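If you look up Swiss-Prot, you'll see 12-18, 40-42, Arg307, 333-335, 415-417 marked as GTP binding site. According to Swiss-Prot, the Mg(2+) binding site annotation covers Asp13, Gly40, on the basis of sequence analysis. Positions annotated as IMP binding site by Swiss-Prot: Asp13, Glu14, Gly15, Lys16, Asn38, Ala39, Gly40, His41, Thr132, Arg146, Gln226, Thr241, Arg305. For Asp13, the entry in Swiss-Prot reads active site, proton acceptor, with the evidence type sequence analysis. Here Swiss-Prot flags His41 as active site, proton donor. What Swiss-Prot lists as substrate binding site is Thr301, Val302, Thr303, Gly304, Arg305, Lys306, Arg307, and the listing cites sequence analysis.
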Amino acid sequence: MTNVVVVGSQWGDEGKGKIVDWLSERADIVVRFQGGHNAGHTLVIDGTSYKLSLLPSGVVRPGKMAVIGNGVVVDPHALIAEIEKLSAQGVTITPDNLRIADNATLILSLHRELDAMREDAASNSGTKIGTTRRGIGPAYEDKVGRRAIRVMDLADLDSLPGKVDRILTHHNALRRGLGVAEVSHQTIMDELTSVAERVLPFRDTVWLFLDKERRKGARILFEGAQGSLLDIDHGTYPFVTSSNTVAGQAAAGSGMGPGSLGYILGITKAYTTRVGEGPFPTELTDEIGQFLGEKGHEFGTVTGRKRRCGWFDAALVRQSVATNGITGIALTKLDVLDGLEELKICVGYMLDGEQIDHLPASQGAQARVEPIYVTLEGWKESTVGARSWADLPAQAIKYVRQVEELIGAPVALLSTSPERDDTILVTDPFED
């Protein structure tokens, strides 16, 4: 028996929600360890769709404990709204099935406002990142700057005013520079005190809770948000998110030691998508790209933004296998490729006349790379709902094997539709 860390191996939107839900039946605890409510996923259970963006996937399954770790930035208003929305769908959420790290950073209204102001200014200069404008980045900045308001601070009204003064000293200086009205001390105090009673019942010393449960033999599933190529260090900087999204963050963002993380499962889409700005070597702007977007329903769960689509990039996923220490992958949306006469897989790049096997870190070099492809024959038969290798066309199996060989990691799970049971299990990560 082992614990499992689930990470996206591309630019997010790989189908982590379904896989995490599928694995959560085998887990006792599901932990979010980074990001905020900027990355959403949809779970389909018995025909009912649940849209989550902050809460761990395990929260919709009875008998599971959901944990929001210290690596997550928590918007208390978004948290309350998501709890209320799920409650209206019949999901019970109490401290018996949800814990929030007392040292997790809070997202405030001033973070959202700063995020939007920066994006607007960057749009005018052509340098926008394409954030969700939800305050994620500014909240992480305050965390690193040691001026953040944390969950535990809601319980200490004696020291809270001084902490509000500290964060406002920074933000009001920024707002003056941007020509925007300053935020009053009372506005932030009112904002925090209005949510305290709703948030504080869920707070816990998460690292201690997880350590005790681990020692009792609990199976723990760590749920990553976004994808490895959006990692603040290892992604396509500066077009990245504001946190570490690789598997190592599961330890830092939960307080559990890295030796206890276990199996690293990389969720990998059978083609490539990206939301927002940034390099995308295999992007298709032709009818095939449109086909992938329409058939794959490539629109963001949180923002509704249309995703850019392209061929599978084995060079990029190979990079993610290395930076995450991926044990095996879950290959998703294979069924979207049904009907294409031929398929291409990127195996490397040409850069200034030289062949390279990885995407360079330099923004300028990333813009100049040209993908090198291998071409495979497609298949006409449907793979939708396949639950065994015998259900797959020969060419689909060949495609999967080619992916495994090129990225240097085996397929542990294969997903053939949004339905959780339409999954081919090769290796159970919890039993590895």
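Cβ coordinates come from backbone N, Cα and C, glycine included.
The binding-site residues recorded for this entry are Thr132, Gln226, Arg305, and the Cα of Gln226 lies nearest to that of Gly15 (GTP binding site). Rounded to the nearest whole angstrom, the C-alpha distance between Gly40 (Mg(2+) binding site) and Arg305 (IMP binding site) is 12.
Scoring each of the binding-site residues (Gly12, Gly15, Gly40, Gly304) by how many neighbouring Cβ atoms lie within 10 Å, the top position goes to Gly12. The Cβ of Lys306 (substrate binding site) lies under 8 Å from the Cβ of Gly293, Glu298, Phe299, each of these being in the same chain and 6 or more residues away along the sequence.
Note on proximity: of the binding-site residues Lys18, Gly304, Arg307, Leu334, the one nearest Asn38 (IMP binding site) is Gly304, by Cα distance. With the fewest other Cβ atoms inside 10 Å of its Cβ, the least crowded of the binding-site residues Asn38, Thr42, Thr132, Gln226, Thr416 in this structure is Thr42. By neighbour count, meaning other C-beta atoms within 10 Å, the densest spot among the recorded positions His41, Arg305, Arg307 is His41. Cα spacing between Gly304 (substrate binding site) and Gly12 (GTP binding site): 14 Å, rounded to the nearest whole number.
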